[in-house]
Amino acid sequence: QGRILEKTGLCSQITFGRYVRQGRKLGLDPKLFIQDLQFNEVPVRVYQPKATSDGPRRGILFFHGGGWVFGSLDTYEKVCRYISRESDSVVVSVQYRLAPEHKYPAAYEDCLNATLHFLQHLEHYGVDPARVIVCGDSAGGNLAAAVSQTLAGSSDLPRLRAQILIYPGLQALDFNLPSYQQNRGVPLLFRERAAFFALLYLNGDALHMQEVLEGSHIPPDLRLKYRKWVSPDNIPEEFKVRGVKPFRPTDFIAEVYETVKRFCEPNLCPLLAEDSVVHQLPESFILTCEYDVLRDDGLLYKKRLEDNGVRVTWYHLEDGFHGIISLYDYCGFSFPSGKRGLDSVVKFLKSL
């Protein structure tokens, strides 16, 4: 597979992409104590407010975005500092292993292991066991949702107080939902790239991208089973005004399904979790952007959570596009709506 990656120029593409996104090293922060540690052998960066506190603080596990392929502690340094300072919380940013070198479930396992370690050592960081939150954007939102589901039924650890999902990618069954049709060519995430990243995370290659985009990778019986959760019918009408065509998947190809059948695992596609899991989830915050192929993943999950009696705070950026939060104060430029989105996250945190 390494050879396939080389042939397509993929390795050099990914290396270059990581270099471009690596973020600049920042100086000390007068308000935060910042240290790089390992939680269960997973590299993390811990941000702790220096000011004295009346009692234990909130603890936030932050999983960065970047399609499971890009992103690092440095890329999200400004975002994590902002969240820690503005919400007066301890933030743990997790450097999970990246695809294609490390395929699913590596990223998920790293996020889960770092979370378990933190939950077992909260008092060491002055964190309130009743106020631990998982948070992530894009692929990180996917990982936060998966970790939250895994911990939903566990009784021997502090229960998560909330999950914060910022334009998460939550399924790989249907790349033709309304938001995929409407925003297929909108930066920073094109429709093709969404499938490409999901396949790189799953298999370390993107060999069947075309079939996945056309929907021939899922057997008709499974498509029918998941239709109650993954369907344009569950998207509110106001999100269809920008034009949507009814989509018919091409004929099912069994050998493609064989290579991607783990797309039906909730740890990879949290939207497919059973109701018995979803109804145990903690209070949730979901941020969606109008001009984002992943918008409908967030809307569908919002509906699933609400249908299962989970309290959801939803924040929609009418003028937002995918990745806008990660561009907060990026190389000196920032989008007002990205700052609004980040402030909505801080406001939600302060309410917990």
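The chain as shown is numbered from 1 upward.
From the backbone N, Cα and C atoms, a Cβ is placed for every residue, glycine too.
These figures come from a predicted structure and were not determined experimentally.
Among the features that TrEMBL reports, domain 'Alpha/beta hydrolase fold-3' is placed at 60-207 (among others).
Per TrEMBL, active site is recorded for S138 (among others). Within the same chain, the residues at least 6 positions away from S138 (active site) whose Cβ sits under 8 Å from its Cβ are G65, G66, G67, I166, Y167, P168, G169, L189, L294, H322, G323, S326, listed in sequence order.
Taken from TrEMBL, the feature domain 'Alpha/beta hydrolase fold-3' applies to 252-325 (among others).
Annotated active site per TrEMBL: D292 (among others), in sequence order. The Cβ neighbour count for D292 (active site), using a 10 Å radius over every protein chain in view, is 28.
Cβ-based neighbour count (10 Å, all protein chains) for H322 (active site) stands at 27. The feature active site is assigned by TrEMBL to H322 (among others).
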In the predicted model, what is the mean pLDDT computed over the domain 'Alpha/beta hydrolase fold-3' (60-207)?
97
